[in-house]
Ligand SMILES: Nc1ncnc2c1ncn2[C@@H]1O[C@H](COP(=O)(O)OP(=O)(O)OP(=O)(O)O)[C@@H](O)[C@H]1O
Ligand SMILES: [Mg+2]
């Protein structure tokens, strides 16, 4: 045992543990036949006050593969609405909270595992994570983080040498254990379980804890009911902003069940997700999402529904009117955040409100009706932009959109004219900024499904991880 392991010497805060054992079960980690470190997120080490050189691969394996020298390991209890139906048979069935550490930024971070063995919540599951599942979660979270989405990250991925059987991967398939670095693993479903159990006495301490740790500026609000009202209103805003971020980057999460919604408004749990290629609001990423509940275009609505469901437990301890008032702000927050991101993708930091509204409307109409590749549209705009577009609207965006049919030609023409109108409202200096704005908001690389399959092939065929590391480096610097 390496007594100098810097991860073990970190100061762990028993924040969630101190709530008491109504919220979790103490569990043990599985022993694995093998420990191969496949990914270490050195980018996160400074936030833990550590330098890359100070942490060896062996340190990663001891701490985040073998889980040495830490107890208690806490499998958190939760329920959730899955595809609209309430499910009580949930909880950390293949993970636990390893520990909580305050970052150099003052934020309390969770180290949460995925694939670390069975728990009382595993049902018939094996408590494991496939290697491909781990690789996919790393890629999604690193890509989203680089695109400016509020997301959990992966701290490490250790391959564990077991053979797993899965219906959605050619099996047997390889196993892994991942450690997630996130703001919290308290989910909407953590509260929903307490409503189901009719335990308002457990909801109050949980909500007080959430506010104290993750909304601590609200502690200044003296009146408790007012503080709760402001908490919910802020959560509504954070979730609306998150939904806007996913939509603007073309990301479909695919399993927006309430057990996958964080009480901090952070995005996490990347299973069957996909970045959308051809623009299509009905695009679904999970093969089992037959009704399209979690389709790309439905994400803002379903997040609103999830926030509405969260009112059930919160209503046991706070005013229903306050909750209604909080949720009533959702659509406004969503539209404001989405519009701002989309106009930035179109090259505009600022536009007169009506012009911006119309540009967004025309852009979505064009995208939807021409079924152009979402990312090609914006990279085409970025690559072709010229200040001469201010003088001649006909030059704007050639060849990116297929306008061979009449309807598409009409839409493109209307879009060009309006884009031109928007440009003409800018000063000469602001026009010079448009290209930079386009470059800063439209990635040169997008993590489409073929990109992921292309790096997976060398891993399974010849255990060649280089293409994975190369792709990772590219998506970490997408602009
Ligand atoms: N292989 C497995 N063994 C045991 N339980 C599992 C397994 N896979 C999923 N589960 C459980 O099924 C439920 C839904 O799984 P889901 O994939 O949303 O969560 P998860 O990915 O395991 O964890 P997280 O939400 O932290 O990413 C959870 O209760 C989870 O623990
Ligand atoms: Mg989950």
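Cβ coordinates come from backbone N, Cα and C, glycine included.
Since the structure is predicted, the reported quantities are computational estimates derived from the model, not experimental observations.
According to TrEMBL, the features are:
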BINDING   91, 93, 94, 114, 126, 127, 180, 187, 269  ATP binding site
ACT_SITE  259  active site, proton acceptor
BINDING   260, 269  Mg(2+) binding site
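Shown are the recorded positions 126, 259, 269; of these, the residue with the fewest other Cβ atoms within 10 Å is 126.
The number of other CB atoms found within 10 A of the CB of residue 180 (ATP binding site), across every protein chain shown, is 24. Rounded to a whole value, the Cα-Cα separation of residue 260 (Mg(2+) binding site) and residue 94 (ATP binding site) is 14 Å. In this structure, residue 180 (ATP binding site) is part of a beta strand by DSSP.
The Cβ of residue 260 (Mg(2+) binding site) has 21 other Cβ atoms within 10 Å, all protein chains considered.
When the binding-site residues 91, 94, 180, 260, 269 are checked against ligand 2, 260, 269 have a Cβ within less than 6 Å of one of its atoms.
Between the alpha carbons (Cα) of residue 126 (ATP binding site) and the residue listed as 'active site, proton acceptor' lies a span of roughly 19 Å. Counting only same-chain residues at least 6 apart in sequence, those with a Cβ under 8 Å from the Cβ of residue 94 (ATP binding site) are 114, 115, 116, 117, 118, 119, 122, 125, 126, 127, 128, 129. Under the DSSP three-state reduction, residue 260 (Mg(2+) binding site) is assigned to helix. All protein chains included, residue 91 (ATP binding site) registers 23 other Cβ atoms within 10 Å of its own Cβ. It is 10 Å from the Cα atom of residue 269 (ATP binding site) to that of residue 259 (active site, proton acceptor).
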